[in-house]
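Take a look at the structure below.
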Amino acid sequence: MWVPGVGLPSRLMLSALTRAGRFCILKSGAVRLMDVPAGNRRGLSDYYPHLMPSVGFGKSSSRVYRCRSETKRYITSPRVAETLVRILRGKRKSCQLFLECNPGPGILTRALLESGAKVIALESDKTFIPQLESLGKKVNGRLEVVYCDFFKLDPRSRGILTPPVMTSDMLFQYLGIEAQPWSKGAPLKAIGILPPKTERSALWKLLHDLYSCTSIYKYGRLELNLFITEKESGIIKKIMANPQNPGLYQALSVLCQIACGIKLLHTESCLSFGTYTANGQLAKQKHRESLEQNLCFIQLTPHRNLFTGTLTPFNYDVFFHMLRQCFMKRNAKLIDHLHSLSPIDAMHILKQIKKDKDVKVIDMYPEDFQHLFETIECYKDDNYKWLYDDFMEDVII
């Protein structure tokens, strides 16, 4: 059984055979890396940014981190903090470990500690670190404070990194957290609020990391508990959509539901959250629209059996590509997409997945797409199974 951290198989080094036009053919499970621009490679590439050796977790960085240019929300209501603790802790009295992302003034941190939990506070704003460290001195080692931005772990760019930007390997090794087999439970629970201006891109990065089992998922099935803005046709509705919600259903929906168990745990008004000024004072919310919005608290738990079938961290790129191709023309018939996805006879594929020739992309449930991928990937009568379009490399979904 596969566990995080194993080496890449030799088949990833196979070159694709080029055909006429912009298409090439991939053998079963092969993911072409050689011709992909460095900026587009994720997860399976062989490089990591490096942490500047002279900078420690507790020392000031010589590089200015522009956290003030990014809006961050913080929990400012003790009532909300207590509600979240009840949801996450239940009646447990054991010392659970929580990774709190950007705790800010520490409202939720205190509530977690009072429940008997142990907390690792990853704070990206130095304004809050002294008061968090002061709190840590009162709880007998149950609070660890690290100058780190959880949502900027393992950035795609190359080069030297300085805290709060760092690699997950540096963070987890510093904390003494070891990788757990995928078959075991979550090594810890992470809690945070997705950055409001980059919710979509942050979620996509987490999905790439999850499917490739890199970054935080190199250490096991980390459970994420995140606040996401509830907007009309927003992300929260899209990740939970299916063919019964055709206007919201997209590749993001399929990937989230195949990878994770998704639970909507709580909905809270934006009035229970706040932003802080440069001197650490609570700022007034100016926009009426933002005041009327809610934030949804969702739980994303990676499925234990995600990688026990045909789908693996080594061929997930092909699965992503298949969904990109299909949802570019979401109202088209599936059979029309199959002609550009695989050289295998389209009618034979439809017969194997028990679908009619007139079935459309938006009629396919997430498990149907997984079955489609497995059917093509496991086809034994043809050496070449996937047609790969270079154009799709630069498509953002």
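Every residue, even glycine, has its Cβ placed from backbone N, Cα and C.
Quick look at what TrEMBL annotates:
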type	residues	note
BINDING	Ile75, Glu123, Asp149	S-adenosyl-L-methionine binding site
DOMAIN	80-268	domain 'Ribosomal RNA adenine methylase transferase N-terminal'
Among Glu123, Asp149, the binding-site residues in question, whose Cβ has the most other Cβ atoms within 10 Å in this structure? Glu123
Measuring CB to CB from Ile75 (S-adenosyl-L-methionine binding site), give everything in the same chain under 8 Å that is also at least six residues away in sequence. Ala81, Leu84, Gly104, Ile107, Leu108, Ile193, Ser272, Phe273
Longest inter-residue Cα distance for the S-adenosyl-L-methionine binders Ile75, Glu123, Asp149, rounded to the nearest angstrom, is 17
For the domain 'Ribosomal RNA adenine methylase transferase N-terminal' (80-268), what is the mean per-residue pLDDT, to the nearest integer? 93
